[in-house]
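Novice: This is the structure I have questions about; it appears just below.
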Amino acid sequence: MKVTFEQLKAAFNRVLISRGVDSETADACAEMFARTTESGVYSHGVNRFPRFIQQLENGDIIPDAQPKRITSLGAIEQWDAQRSIGNLTAKKMMDRAIELAADHGIGLVALRNANHWMRGGSYGWQAAEKGYIGICWTNSIAVMPPWGAKECRIGTNPLIVAIPSTPITMVDMSMSMFSYGMLEVNRLAGRQLPVDGGFDDEGNLTKEPGVIEKNRRILPMGYWKGSGMSIVLDMIATLLSDGASVAEVTEDNSDEYGISQIFIAIEVDKLIDGPTRDAKLQRIMDYVTSAERADENQSIRLPGHEFTTLLAENRRNGITVDDSVWAKIQAL
């Protein structure tokens with residue numbers, strides 16, 4: 001089915017207000033969920049909203065909490081999210097990293113005691129729109145087996161890197177081949193995954209999203225490489241924030257909350273003039289996309305460039321929402 005941005009935001013806002021969230025906070029949170037969905041990231045927008053409400057009702061998310069600065073070391077700051085609303089706090093933390101970068105050339109904010117930030121790419125994009133390189137990542141509850149194991153012991157720990165090119169170039173990727181949100185998107189659409197995304201119950205690689213969702217044997221991105229990246233990203237976020245690791249979140253908490261996150265902004269214009277920056281970026285993009293195609297019907301993609309197209313399409317034609325997901329939201 002198709003809905004408008006206004007319908008989507010109003011539905012989110014209604015549910016948040018009914019759960020006791022104050023009107024200003026509810027409006028800002030609903031706006032972010034609707035923008036994420038409008039950008040085509042359904043897995044961490046509309047599809048994730050019922051799960052967000054569940055955690056709100058369970059007390060994992062404290063809607064009136066505000067992040068608190070703990071330590072300031074020039075270009076580096078450490079904050080405590082105090083289990084505030086994840087997407088609103090993440091936006092504030094990247095804004096703070098940008099402010100630090102304006103003063104120092106680079107800004108790093110390490111955040112502990114945080115909640116799920118929904119679409120991580122929003123915060124990298126936020127920096128790139130202002131002309132900064134944006135880098136951020138988060139740890140999570142253990143939802144992926146380390147390479148060579150059957151049991152979940154590491155997080156998908158998504159990493160975002162956004163570059164202020166025209167259009168913005170951005171990688172937004174979990175350390176698994178697919179996020180659990182994308183497994184859900186493909187399952188709801190009745191599609192197999194385009195490549196193997198995990199193991200079935202017999203230990204064979206599979207493209208069936210429902211099987212992987214159920215047994216949680218999701219495949220690390222690049223096999224042992226994604227497994228290793230997940231571990232070191234967790235270690236850095238834990239140390240810099242003095243926060244909880246994947247092990248602590250998984251073993252000590254009843255659900256995924258109290259996680260650790262990193263936000264970095266770099267002011268490119270302190271290192272290179274604008275015309276030179278643009279020319280260098282354009283040469284990279286032209287060089288990549290001019291390669292001979294393996295399939296003439298498949299264009300060579302640059303990461304993140306599809307979001308500009310998806311956003312325009314959704315604004316023109318309406319936002320596609322799965323019927324079952326919309327029914328869940330209407331019932332909340």
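In case you wondered, yes, glycine gets a Cβ from its N, Cα and C as well.
What Swiss-Prot shows for this protein is this:
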{"type": "ACT_SITE", "residues": "HIS44", "note": "active site, proton donor"}
{"type": "BINDING", "residues": "ILE168, THR169, MET170, VAL171, ASP172, MET173, SER174, TRP224, LYS225, GLY304, HIS305, GLU306", "note": "NAD(+) binding site"}
Novice: On a simple 10 Å Cβ count over all chains shown, which one of the recorded positions HIS44, LYS225, HIS305 is most densely packed?
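Specialist: Comparing the recorded positions HIS44, LYS225, HIS305, the most crowded Cβ belongs to HIS44.
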Novice: At a 10 Å cut-off from the C-beta of ILE168 (NAD(+) binding site), count the other C-beta atoms across all protein chains.
Specialist: 21
Novice: Highest Cβ count within 10 Å among the binding-site residues MET170, ASP172, SER174: which residue is it?
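Specialist: That would be SER174, with the most Cβ atoms nearby.
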Novice: At the Cα level, what's the spacing in Å between SER174 (NAD(+) binding site) and HIS44 (active site, proton donor), rounded?
Specialist: 12
Novice: List the Cα distance (Å, whole number) between ASP172 (NAD(+) binding site) and HIS44 (active site, proton donor).
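Specialist: Just about 12 Å between their Cα atoms.
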Novice: Using Cα coordinates, what distance in whole Å links MET170 (NAD(+) binding site) and the residue listed as 'active site, proton donor'?
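Specialist: Distance (Cα to Cα, whole Å): 17 Å.
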Novice: Please state how far apart, in Å and to a whole number, the two most distant Cα atoms are among ILE168, THR169, MET170, VAL171, ASP172, MET173, SER174, TRP224, LYS225, GLY304, HIS305, GLU306, the recorded NAD(+)-binding residues.
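Specialist: Overall maximum Cα spacing for these binding residues reaches 30 Å.
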